[in-house]
Amino acid sequence: MFSLLKSLARAGADLDAHRNRYIINCNVFALIVIATSLPYPFIYLYLKVDIDPLLLSGSVVFLFSYSMVIFLNFLRVHTLAKLLFFATAVCQLFGICLVFGNESGLHQFFYAAFVGVFFVVDRHQKILLFPALLTLAAEYLLIQYINAYIDPIARLSPDTARTLNYISSGAVFTLLGAQCLHFYWSSLRGEIDLETARHQSDKLLLNILPETIADELKRNGTVEPVEHDLVTVVFTDFVGFTASSETRNPSDLLRQLDDCFSAFDAIIEKYNLEKLKTIGDAYMFAGGVPVDLKDNAARCVMAAKEIIAFVDSRRTEDPRFWQIRIGVHTGRLVAGVIGRKKFIYDVWGDTVNTASRLEAAGEPGKINTSTETYKLIKDKFSCLYRGEIAVKGKGPLAMYFVD
């Protein structure tokens, strides 16, 4: 039974989240009105209300119309469904109030109908909102005027009128309560879904940008470039990757590359460093951005040593596996986010270019550093001076291998 009601409530709700909520509201309210209206013919019979059976049979027509509302939503004719819902409610309210008068308390259903309009008309149909409210208000005033001067069609004894009034009051409170409860749970689910979506969005953003940069971007819509005085930049590049890509299965190649980069991610996270980007088989990270880190050079070298150890372990399993070169340089640079789409946190400056040149001038399985980095790590690591080596675009540079 519950699954059937759930299916009826969601009939035709396959659009965006906003419109789906109002379609479901329309279906649920139609079901609530049907459930509220069904007992009334039996109540009239039980109370022995003096009424023409032909008028009583009108309830069947209204119940059929409310059922058609759900069917029209199922057919995706949503605007017509809501118009039918509104027209049926207007006719039903006018009819029962004209037949039974104010003493029956049936005019109280106008209150539930007035509130229900806000739950059924979505923002794409807002042109219907004020006409619907004005029509209900005008009809309510007209009924009050008619009942003030014309006797109701059905003759009710004082006791019957009082009982019917009690029942109507209870039904209206039930209807309003059901409307509000449905709205409450829908809003609660919406808030939970929104919070979940926000959490997923934040998580995705933090996979792309550092936390402080992501916060600034969300807060201001832009990220101001920041100059950093002491940042260590690391470039890694696989030796033999290009050659193996010509002979190996592309899927296997990418899977192995993903395994390596995932391991690198874990290593730099361990040392509180910042992954910047990957370009093909090259992996770039830095220490000291976006937050200053005094021992960033040592942390970067420790991470680089672990990366080499990881690659060596893979080569132990498979001698054909790639080797890796690593270049490290420390200096000043500018970091930030540029552009408006596909954001990336990046760094610019001669420090970046030098680190890239050091990687290219290195050897497989070695960490090649500049003098600037060497001065910061020489007390923690044993280093081998390589001499001055000519570098494209920069001339001779003093280089050191980290043992």
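Yeah, the Cβs are placed from backbone N, Cα and C, and that goes for glycine too.
According to TrEMBL, the feature domain 'Guanylate cyclase' maps to 232-359. Annotation comment: TrEMBL describes 28-47, 53-75, 82-100, 128-146, 166-185 as transmembrane segment.
When the domain 'Guanylate cyclase' (232-359) is classified with DSSP, helix, strand and coil residues number 58 helix, 39 strand, 31 coil.
When Cβ-Cβ distances under 8 Å to the transmembrane segment (166-185) are tallied for each of 28-47, 82-100, 128-146, the top count falls to 28-47. Confidence for the domain 'Guanylate cyclase' (232-359), expressed as mean pLDDT, is 93.
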